[in-house]
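Step one of this worksheet: look at the structure below.
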């Protein structure tokens, strides 16, 4: 019994040493423990551990029983001394073996958790690298779109200025013609109305160009915000 317990303790100590150092043997031991913990393995391990614990408690009870006998009899029996030493050694070895088994279980659990965390961290790092690699392309596209929108805005502003100048000239011309036609005769009122409608059409065109210019400016502001957000995220 004692030899078996010593062999068990040395085996558990060897497993703990294997867990401490990163070697190919540790990987094999972890794989073996993974298989042991599947299926009925945990039930068998718990049954064995429970049996060892019960035997240890019985041994401790025998130790207490022998000590009580010494207190009652006062005389020390050599046989009881040998039995007491044997029971103490067995109880100590069984308790130590249970403690080492618990340590092995916890070390195995923590090593598995550490490996899972490392894999998750590597996956997150790969995703971040992919995102960082694709980010400059997106920024480049946004900058190109920004440049094209700015060119479009400048073109529309030039067109708007031309339309505004021509519209003012046309309005002035129509006003002059309207005054002349009004002074000529009452029959020119029809022509004045037509000219007035034409001037209103130019005003509507002018308003439409203003709205289009405002819409393009809002698109440019939105694009600037996206670029600033992408730059800030890249910095972080």
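FYI, residue positions are counted from 1 along the chain as it appears here.
Every residue, even glycine, has its Cβ placed from backbone N, Cα and C.
Where the annotation comes from TrEMBL, it is an automatic prediction and has not been curated.
The range from 43-64, 109-130 that TrEMBL describes as transmembrane segment is residues 43-64. Sequence-distant contacts of the transmembrane segment (84-104) (same chain, at least 6 residues past either end, Cβ-Cβ under 8 Å): 1-2, 5-6, 8-9, 12-13, 15-16, 19, 33, 49, 52-53, 55-56, 59-60, 62-63, 66-67. Among residues of the same chain six or more beyond the transmembrane segment (43-64), those with a C-beta under 8 A of the stretch's C-beta atoms are 36, 83-84, 87-88, 90-91, 94-95, 97-98, 101. Mean pLDDT of the predicted structure over the coiled coil (139-226): 78.
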